[in-house]
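Listed in TrEMBL for this protein:
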- GLY113, ALA114, THR115, GLY116, ALA117, GLY118, LYS119, THR120: ATP binding site (BINDING)
- 11-355: domain 'Kinesin motor' (DOMAIN)
Amino acid sequence: MAAHESDVCSHVRVVVRVRPPNEKEKLANFTSVVQVVDKHILVFDPKIEEVNFFHGRSGANRDITKRKNKDLKFVFDSVFDDNSTQQEVYEQTTRVVLDGVLNGYNCTVLAYGATGAGKTHTMLGSPGHPGVMYLTMMDLYNRIESMKEEKVCNVAVSYLEVYNEQIRDLLANSGPLAVREDSQKGVVVQGLTLHEPKSAENILQLLDYGNKNRTQHPTDMNASSSRSHAVFQIYLRQKDKSASINQNVRIAKMSLIDLAGSERASATNAKGERLREGTNINRSLLALGNVINALADPKTKKQHIPYRNSKLTRLLKDSLGGNCHTIMIAAVSPSSASYDDTYNTLKYANRAKDIKSAFLTVFSGSLLAVILKEGHVMSRWCPTRYRTHCDILSRAPVRHHMTMDMRSPAPV
């Protein structure tokens, strides 16, 4: 197998989306703590202009425990205000990396933010306002259709959640999946099914089915709070329709990740099982933050990056840094009621900008031509003797091992 590594070394692309105020915030006459300056700059907790009156001066509606305005300026690759549409967010984030996937690069898009900040709306959306996952698949299949005269393309997908430090397959009726470390394959998720959809509509059915299986419970902050991290992965295999004896096969992986929201127990009034869920969510997000800090620190050596501190960070090992083009969508609330959550999310996102990735395109030669020979069932992607297709994708230790499910896609 031959691989060609580009000289490109890029920062993780970080964007921020400010959601509109919800009905509860409008009724409470909230103060906005986020001011979008332009497409790249926002100010957190901006200074309030004072208004002159006959008997002195008065500021706009503000209390926030009477602390001084931080008036902090943040610069990101893109900033979306509360009027931004799903299509606008997709066009300026995921569509860019979809080009990379089609060119053979591994790509990841992840949404981060506090509970109720709009992550799941951005990634999944609703029937009237489809999110990043839906728009990505529609666009991918349109691109595949436009290339059908020149290339043979195969698509396979998996969908899992990390809930209370357990991994569950959202597309199969199974219990918690075991994760183990293999000296050759790296982190292995045993029994995770991989499905081969035939159309964009087929993928939408899989997404709908998986989302119905995802763990959700109401909290005081969000009536439909996602209590798990959801990881949707797309594997794309391309082969030229040429008469060449040594045909190149190009394979890439795209991960679309909707992280569970960080939360404060005092704000959500969580008790019992909800408190336990929140504790596990925060623990895994803290582990992710530690990984981001380690990756962003130029003095940190690879072996010191704490990927093993949670199931989430183990799964994302090949999605942050390394051979992967990564986009983080940080979702924030404009409300003063979410002051601390919004501030922490912006600091988290600002740190992630310092992570660098070296991009690698893998072109497979005669070995893969045998393994991925047209007409072979998709299960031939990962025979034991050739390790797994994830290993082929990145030339790194395998992060996931998936059993092929060649039946019809999961029912809806």
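Cβ atoms are placed via backbone N, Cα and C, with glycine included.
Mapped onto three states, the DSSP output places GLY113 (ATP binding site) in strand. Classification of GLY118 (ATP binding site) by DSSP places it in coil, neither helical nor stranded. On the 0 to 100 pLDDT scale, the domain 'Kinesin motor' (11-355) averages 84 in this prediction. Cβ neighbours of GLY118 (ATP binding site) (same chain, under 8 Å, six or more residues apart in sequence): ARG17, ARG19, ALA331, SER333.
Residue with the densest Cβ environment among the binding-site residues ALA114, ALA117: ALA117, by other Cβ atoms within 10 Å. Sequence-distant contacts (6 or more apart, same chain, Cβ under 8 Å) of GLY113 (ATP binding site) comprise LYS119, LEU259, GLY261, SER262, ALA330, ALA331, VAL332, ASP341, THR345.
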